[in-house]
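Q: One structure, pasted below without further comment.
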């Protein structure tokens, strides 16, 4: 999903001007910070002052925070939020795949929804994915394809360096357009849903903070370079998805790369969503949890659900924006900062408390603004 958002960064700069460059850096710092405090909530100090991992998932953190109010309430809220966001992400990949295939082969008499079904067929092997190792291999391939896309676009932009001009940046901003830019930039960094599982599967979990620092640093450099070179090349003609600005022969090549990326990206949110459902089922019936037939049924049901919603949900982009504004902001800003304050309040310094409260307020404002814009768009459509 981050790769798809990255393609919208030049368009975000069109509507945010110089402030967009600052936002790209600020979003990297904020998302890196919330990732760290979320993982900190997994640990507690023992009698010797050593940090011990006492929780394994986002759900465990929520349960610990809501222990006095209701032991299961926090877990239910987090699980529902995670599953909704992950399912919507999977659906988005199918919608994007159908759109890319339709644009790559415009002369083939096939509708966009039919192309989505064809893309769905290639994803059927996801039913048999049982471990994170397979997902990690697919994610590696996805990253390689992502770098190919970025390389092609930046290389073409560098050939047009003679027409670059800083005068293309806007000084005056329209508030609603600026909010769209904020959403695109912030959610190009979100990964908090996957962090507890990722940290738990690392060979050296002690290197997690260092890994998070470097990945966000390089992501910030790459995204700034990409957005800046693309915007300086096309200026006011910059389109929502930057590949639409490319010459036709390059556009087809990049669209096919994007299709590959979308299909390779699908297994990660799909695997994460099914794992959450498995963990819930296992609490009620341990024997059925291990049943291969049940595992295939759950995965198959998830696959079919994503296809049906991609095919029949009207105005999916607006609904995605609405759910993303609620679930995305909650999982990225609201819950990590709230949980960190709840679990670590006595051990936090004054500045750390101020930082967490500031992140919470910022996340709330971003969520509220996104919800208002999405509902306004839905009302205009209907």
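The backbone N, Cα and C atoms fix where each Cβ goes, and this holds for glycine too.
Curation plays no part in TrEMBL annotations; they are all automatic predictions.
Keep in mind that what you see is a predicted model, and the values were worked out from it rather than measured.
Annotation source TrEMBL lists domain 'Amino acid transporter transmembrane' at 2-375. Annotated transmembrane segment per TrEMBL: 20-43, 73-95, 115-132, 144-166, 178-198, 210-233, 253-281, 293-312, 318-339, 359-379, in sequence order.
Help me see these features in their spatial surroundings.
A: If one looks beyond the transmembrane segment (73-95) by at least 6 residues along the same chain, the residues whose Cβ comes under 8 Å of a Cβ in the stretch are 1, 4, 58-66, 116, 119-120, 123, 193, 262-263, 265-266, 269-270, 272-273, 276-277, 280, 302, 305-307, 309-310, 313, 316-317, 319-320, 323-324, 327-328, 330-331, 335.
Panel annotation: around the transmembrane segment (178-198), residues 1-2, 5-6, 8-9, 11-13, 15-16, 19-20, 23-24, 27-28, 30-31, 34-35, 38-39, 42, 55-58, 61, 82, 85-86, 132, 216, 219, 223, 268, 272, 275, 321, 324-325, 328, 331-332, 336, 366, 369-370, 373 of the same chain, lying at least six beyond its termini, place a Cβ under 8 Å from a Cβ of the stretch.
Residues 6, 9-10, 12-14, 20-21, 24-25, 28-29, 31-32, 35-36, 150, 153-154, 156-158, 160, 163-166, 168-169, 188-189, 202, 242, 245 of the same chain lie 6+ residues outside the transmembrane segment (210-233) yet bring a C-beta within less than 8 angstroms of a C-beta in it.
Outside the transmembrane segment (293-312) by six or more residues, the chain places 87, 90-91, 94-95, 98, 113, 116-117, 120, 123-124, 126-127, 129-130, 270, 273-274, 277-278, 281 with a CB less than 8 A from a CB of the stretch.
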Q: Pairs of Cβ atoms less than 8 Å apart decide it: which stretch in 20-43, 115-132, 144-166, 253-281 has the most with the transmembrane segment (359-379)?
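A: Between the candidates 20-43, 115-132, 144-166, 253-281, the best contact partner of the transmembrane segment (359-379) is 20-43.
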